[in-house]
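**Student:** One structure follows; several queries about it will come next.
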Amino acid sequence: MAVNLYSDIDVDVTLTECEPVSLCNGKYVSIEQNEDACYGMVGYVNDGKPQIMNLGESCFKRGPGNIVHELGHAMGLYHEHTHPDRQVIVLTDQNLPVSAENYAKTTDQKAILKSYDPKSIMHYGREAGLCFPKAQYPLKMFCDIEVTKNCIQPVEQHCNSSRDLEIGQSAALSAGDIYTLRALYGSKDNATAQDVERRKAVLKEVKDSGLFIDEMRVVFGTGQTTGVANLLKLMFARGEPLVLRHQAEKTHLNDIRELRECFSTSN
């Protein structure tokens, strides 16, 4: 089975596929439904064990957006609202849906490949306690996760509600997301003939195994989506884990690892 989610963004890798676990050596990301929550690791922690990405029932309520978000993490994308130059404030007086560490700005400048992108699918939305402040309030006046003294605690009244829909979109990868993925993994234009043939051979082996259902993709950039949630639900109903295979050669800091090693050894 092959599930091609990211091919339309011109990166030199078929980023997500389903395939028999037996093709590999135990180093993979298994998409499961162990609890009603959406979570996974950033990159692949290459300890030789299967890595769990959990997609509970609630992950499907907003269409494929939550799924693409979690797949983005697996491919090395951090939360965009942790960008050191973010323009949103965190309403820490509210009951935030996740732990504070999910809102802390990153301090590693090497992790920043582009300017702040509020349209990123990796950016939390208004419902997660983030908002743009009203124009009359300088951003630097507000307290933050790491800054709690000599500042003003942001509250609902400080929010510019007219900009709420600018963050937390779940329709598509943004131009900034695509830029980051291309920066991490290169462009298809840089693929060698050997890379192309090797990829074709592996996809044929997967299809011939009898587990291939159909290729299915999300068309990013237009908001048009097809079949992602339905296919994942089908796999859960059949009791088979989805396996995310990573074919990329490049690394990003220490958080990115090859999600699968079998791609270079299975043909």
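Along the chain as shown, residues are numbered 1 onward.
Backbone N, Cα and C atoms are what each Cβ position is placed from, and that goes for glycine too.
Given the structure is predicted, the values throughout are model-derived calculations rather than measurements.
Okay, these came from TrEMBL:
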| type | residues | note |
| --- | --- | --- |
| DOMAIN | 1-188 | domain 'Peptidase M12A' |
| BINDING | HIS69, HIS73, HIS79 | Zn(2+) binding site |
| ACT_SITE | GLU70 | active site |
**Student:** Below 8 Å Cβ to Cβ and six or more residues apart, same chain only. Which residues does that give for HIS69 (Zn(2+) binding site)?
**Tutor:** CYS38, ILE121, MET122, SER170
**Student:** Any idea what the Cα distance is from the residue listed as 'active site' over to HIS79 (Zn(2+) binding site), rounded to a whole Å?
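**Tutor:** Taking the Cα atoms only, the residue listed as 'active site' lies 10 Å from HIS79 (Zn(2+) binding site).
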**Student:** Might you list, by sequence position, any residue in that chain lying six or more from HIS73 (Zn(2+) binding site) with a Cβ less than 8 Å away from its Cβ?
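**Tutor:** Non-local contacts for HIS73 (Zn(2+) binding site): GLY40, MET41, VAL42, GLY43, MET122.
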**Student:** Report, as a single number, how many Cβ atoms besides its own are within 10 Å of the Cβ of the residue listed as 'active site'.
**Tutor:** 21
**Student:** What are the sequence-distant neighbours of HIS79 (Zn(2+) binding site), meaning same chain, six or more residues apart, C-beta distance under 8 angstroms?
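**Tutor:** Listed in sequence order, they are ASN102, MET122, HIS123, TYR124.
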**Student:** Excluding HIS69, HIS73, HIS79, please set out which residues of the same chain place their CB within 8 Å of the center of the CB atoms of the Zn(2+) site, keeping sequence order.
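**Tutor:** Not counting the recorded site residues, we get VAL42, GLU70, GLY72, LEU77, TYR78, ILE121, MET122.
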